Structure formats: C-alpha cells, structure tokens
Amino acid sequence: MVNTRGYTTLPNVEEPANNSQDELNSQDFEQAIGMPSEPPVYVEEMGMEEPQAPEAFSEKVQRFRMCFENNVVIPVKKNVVDPLAQMISLASEKFDLFLSKIGNVMVMRRIFYIMMMSIIAALIIASDRLPNGKARGSNGSFSDHDLLLQYARKSIDLSKIERDLEYISSMPHMSGTSGDAAIRHYIKESFDKNGIRLAGEEEFMAYSNYPGNVSLRVYSKDDTEGFDIPLNEENFNPMSHNGQLNNIPVIYANKASLDDMASMQDQGLLNGDFILLVHYGDYVFQQMLTAQEYGAKAIIFISEPYQDNKDVIQMKSVALPQYGTGDALTPEWEGSIRDPIDATEAKCLPKIPSIPISANQGDKILAILSDTGVKFSNNLFSGSLNDCRLDLLVQTAIRERHPVHDIVGKIEGSEQAGRAIVIAAPRNSASYGTMYPSFGTVVLLSLIQLYQEMVYKFDWKPLRNIYFISFGGSEFNEAGATELMEKRTEALKSEIYTIIDVGQIGIWDDSNNLEIQCHPLLVDLFQKNMTSRKFNVKVDNVHQFGDWTPYLAQGIPVAIISSPGVMNREHPIYTVEDKFDFIKDKLRDKKKGEVLSEIMLYLVEKSLELIDDPFIPFSISNYVDFLSTTLKDLQKECPDTVNFDEVFLGTTLWENTKLQFEKWKSEWTELMYGAGTYIEPTIIAINRWSWNYLLSLIGVTQCLEEGLMDRTFYKNVIFGPKLWVDKGDPLRSWTFPEIRDTIAIKDWSSVQVQANTLGTILQNTARYFLENKNLHGINTNEF
C-alpha cells in the first residue's frame, strides 16, 4: 500500500514463537486497560492531507503558564524559597528560645516589633525624602527650599504673564471707574482659580478727582486778543486743586527747586501774582510745595518728549505725601470713624491749581518769554513778568467721598500664625499703565500662582502667613494702602513684619539691574547669593514715597523691588502711550524672558526665606552697624552743645543684643544641624518663636505714638522723609527725619530733646531682648 501520510514504515521484526498465547495475553491486556479491540479506521480522501485547526489563544496562554511554572516558579521555589523558609523558621525558633529566657515570648516579640518600626520611621524622616514628595530639612520639621525653588523655576509661566498683562492694560483703570471694576473682577477671579483664600475686598471712601474742564489762553506782551492752547482730558494731574485765573503773568522756573526759586527771588521775579511754568522734576510733590511757599498762583508742568513725539503728556499726581498719605479729608484715621475735614484744611492737598502740558504746548509759551532774567542750566531763561500773561481754568470732577478698593488674599502659615509678610502691588492708573503699574500687578498674580502650586504639589505650608494685596487708590496719595493701615493699625503692627512691594519691577531697559530699597534689617537677605544671577542688585535705604509709606511710617520694615526705569517713571509711564503694543516685543524676547524668569525666582527665594526660615531673616548685626555709622554722621551735623550720650548708650545696648542673638542662633544651629537632633525640642521651638516675636517688633517699637513734630502722620523716628528731601542724598533725606528737620532750622534745644527721646527708644527696645533670660543661650548637653 502506498504511504500517503509521510511517516516511515517500521522495519520487519521477528515474530514471537508462541503466537496464539501472545494474542490471548494481548487481548486480555487491551481489555484490562480499556483499549479498543479494533484499531481506528483512517479514511483516505483523494490522497490529500487535512489542514490542522489553528491553536486557540487560551491554549497558548495555558502552554506559556505551564512553561513558566516549570522553568521558573518550580526551580525558584525549590532552590530559593523553600531553603529560605527553612532558615527563617530555624531563626525564629532560635529567637523565640532567646526571648523565652527574658520573658513572655509574645510580649517580647511585640516590643521588638515596635522598636524596629520606630527605627525605620526615624530613618525615613532623616532621609529628607517622604512618599508625598515633600522634602523636609534634616531636622524633620522645616521645608527643603531647594526642592521648592527647583519646582518654581520649572513652573514660571511667561505666557500667562503676557496674557494677564494684555488684559489688565487694555483699558484705563483709575480708582472708582468701570475700568477698575473690570480689573478687580479679573484679579479676584485669578485669586479664586489659584485657590488663594480671599481674605477680603476692602472698600474705603477717599478724596478723588477726575478729568474735567480745563482751558489755557496765552497773551503776549501788548496783545489783548491772545490765542488758546487746546487742552483735553490728558491735561490732568490727579489730586490737583481747582481754580480760575485771569490775566496773570507767567515766568519759567526750570524745575522749581529751592535753588531755582532763590535765584529768581534774588532778581525780583517773584513779586506780585505769577504762574510758574516748569519742567517736571524728580519730586513733583516738592515742586508743588516750593511753588506754594514762594507765592505762585498756579503751576504748569511741561512733559518731556517721548522719542520724537512732543505731544505726549505725563499725568502725575500732585499730592503732598511729605505731610502724610491716604484720604486727604480723614488724615490719620480711617474714613468711617469720624467726619471728614474740609478740603482747605487738608495738608496733603495742594493749595494752587496745576495742569500738565506737552512739550509742543510748552514751546508755544516759552517762545513768548524773553531771554532775560535767570538763565538756567538747560539754557532757557526765566523771562520777565511783563512778557506773557495767561488765563487758566482748572475744573476737575472732584468726589470727596468715592470708593477705592484693596483686594487681599492669604496663605496661612503652619507654625506662627500670628506673624506674616505682605507682597503687594499698586493697581490703578490714569491711563493704560502697561509698564507701570499693570506689570507689577501681573508679577503679583504670577507669584500667587507659583506659591499656590507649591502648596498643592508638596502639601506644603509656610511657617508664617503670607498676604497678597492689590492696592487701589495709589494715584490718590496711596489712599487704599493707607486706609487699610489706618483701619487695622494694631492688628497689622502686631502681625506684619515685612512689606514687599513688587509694583516697580520691569524689564524694559538694557541695564538688567534691580534697585532694592529696604530697612537695614533686610539688607543682608537681599544681597546674598547673587553670583549666579542674570541681573545686578543694588540695595539702599528707602528713599521714595509709595504704597509702602504708611507702613514705613508705623515702623514696619519695607522692601521695594524696582527696575531703575520704572522707579524713575521714565517715558512712556503716566502717558497714553504706555500700552501693551509698545512692550509686547520686549516681553516676547528670549533674553528678556530669561531675565524675567530669574527675577521671579529671586522674588520667590527671598519671600520664601522671610516666611519659611525657622528664624525671621533679619540681620541685627547690619542694623546695629547702620545705627552706629549714621548716628556718628548725624552728631557731626550738630554743635558740641548737643549731647549724644543717651543715643550711643542705646547703640551699645543694641550691640549687646546683637551678640546675644548671634550666640543663641549659633547654638540653635549646632543643636539642630551639628548634633543630629532631628526633631526640634519643644522648649527650644518656643524660645525660637520668642526670638521671632521680638525680631518682628523691632521697627514698630521704635516709634513715637504722638508722631513727629508738625507731621504727626509719621511715627517712625529712625526712618522716614524729611520735609524737604534731596534725591542726591537719600540717606540724610530719609533717616532721623524729625532731628534733621530741626537741624535745618538750627533749633538746637529741640534737637537735644529729640536726641534724648531717640536714645530712650533705642535703650528700651534693646532691653526687650536683654531682659529675656530664656534667650541667653542653649545648653546643648540637655538634648
């Protein structure tokens, strides 16, 4: 038969001799094992092989499982698991035998288990890496700032900054207008989206004014007809005085400095009625006060050209903050407490009208003035009182009681909820305000986003509270910031230990510089770790008015982070040209973006240290050095009859305080980081909190409750503005204001009284530290 199945036929073999018997045995065997008596029938069909059915998936899985079990599981069980189990069982028996010699086996097992778990937990805590991603310091209690900053660097969203800025600067938004209402809603919505708890939207009533009717008519010598200079709503100074003047002589006064006015007075140019025509100076408030003091009936400010545009007008406030900030009609109290005073009694309001004009408009008047009188450094002449006369009308829309709003958000601290810092920025602008103040508002919103992302990502809380505030009413003599301070004076003085203002940050010039004005306690904080930055930092004392002024006046340390161009209000700030379209290309520039990212990271780093370092990072050493040096210079300005012994006794006590603090902090650092004390002992933590409490009160306790002589708004006897400030000498202009004002008028007996008062304040505040025996040192042997 033909082999059609392809298998090999077996070779012939010899058959067994006993054939019949084998057949019988074979049949019996087959029946015994259940085999069929006949072989199966194989059907041949056309000599073709049947195709095999495909193997099912479940069969493949079963075959793989069996293979894996045979080749892996069984060998591992046989060669590893079973021997290990035998070893563990043997060790357990030996261990139980050992425990039975000590006590009850079950009890001793549980004690051993607890000890082992405690050791493991301690090792995990000490490892700086916890399962939730939060990195703690080596003491098991403090956050890992490096980890937080690494995350912040990756999370800075420049596209969000651009989107926020484009919207916020898309409309004029003076306080109390519909534009401000829209921006406030946007900011509150941003707070809410970032999960920031809205601590409140504070509304205050304040003196405000808005563009109204203005007109200016010019008459040259012997001209009775004259000509009009067209004015519009851009010819407006916030806080300006209303008035109407007819046929009044005008003279040019350069920048109306004290020297300029003295020169003009010497030449008899300030006799009778006159209007001053001036270029904007560094301090508009001082120009206003100078004009009033010398008897001017009005003042007209000439704006500088912006590039080739000589038609731009800078709308600067003309309030007088050297007498105080806030609502002009409720000085030193929040508006709802008592009835407002009359506007004529308000010291911080100017008493003469003012308007700003463009360079082109100013040239029309300057062209009429003769080349006589005083010649100034810009080669312009004052002219004479007979050269030109003006009709001037200033009729702004005054609202004596109009709302301004502050928006306040908060992240609560985990350790010292009674201590806090504030990060703030102004919000309002007479125009679009892209470069200032809108960019500062956007920086504030971005900081909020970064902080809240760190809170969620790492389940993190700072040790102390942090407030984020968008101040309103800044163009109305810092009304929003001041009224908040006046409403909550005691609460803020007891809780807030630093105000950081980010409103003057910018990336618009090529200097890549940051100007930081701050209290001497904060100087070391802002100067350290600057080697790897893409920008330079210059730290100086506070020498500028702003939303921080009411807090400085009450002794709270402040820090103002500024870019030079914004700080000096360079063009196009305060003009209608300060629009998003002007700066969008700079904002999208890669290098500018890198600088902005570095600035944002710098702000996070420094604010993080302030709210999350175990110690409030105040440098008593720098503060003491500052006091000693500055007071020695102050003494040189006085005759020998003025005795400074009480003052220098105060600085000596502060030197002792410095040594005490440095000793305690050094011992604390050694205990926590050198001796391996992973958990801060409770008594040490309480003493550290006491140090923080005393540190936070240094500034507010160095104030006079009754305020400075003739300027009672200012309580701070060490830091604050003189009545007449000099931009070229910020240290003398903004330190020991009452004493320096009295030195200026050579009232030496009053200087002696004020020096003694200062000495008493320094001595008493130093003794707060020195008399606390718990803060003299740490006995590390006890821990």
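A Cβ is built for glycine as well, from the same backbone N, Cα and C atoms used for every other residue.
A quick note: this is a predicted structure, and the numbers were derived from the prediction, not measured.
Summarising model confidence by region, the topological domain 'Cytoplasmic' (1-109) averages a pLDDT of 61. The feature topological domain 'Cytoplasmic' is assigned by Swiss-Prot to 1-109, with sequence analysis given as support.
Annotation comment: Swiss-Prot describes 1-22 as region 'Disordered'.
Taken from Swiss-Prot, the feature transmembrane segment applies to 110-127, supported by sequence analysis.
The annotation topological domain 'Extracellular' is assigned in Swiss-Prot to 128-783.
Annotation comment: Swiss-Prot describes Asn139 (among others) as N-linked glycosylation site, evidence class sequence analysis.
Non-local contacts of Asn213 (N-linked glycosylation site) by the CB criterion (under 8 A, 6+ apart in sequence, same chain) comprise Leu393, Gln395. Feature annotation from Swiss-Prot assigns N-linked glycosylation site to Asn213 (among others).
What Swiss-Prot records for 241-333 is domain 'PA'.
The N-linked glycosylation site annotation in Swiss-Prot covers Asn529 (among others). Annotation for Asn529 (N-linked glycosylation site): same-chain Cβ neighbours under 8 Å, separated by at least 6 residues, are Glu605.
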In the three-state DSSP scheme, Asn529 (N-linked glycosylation site) belongs to coil
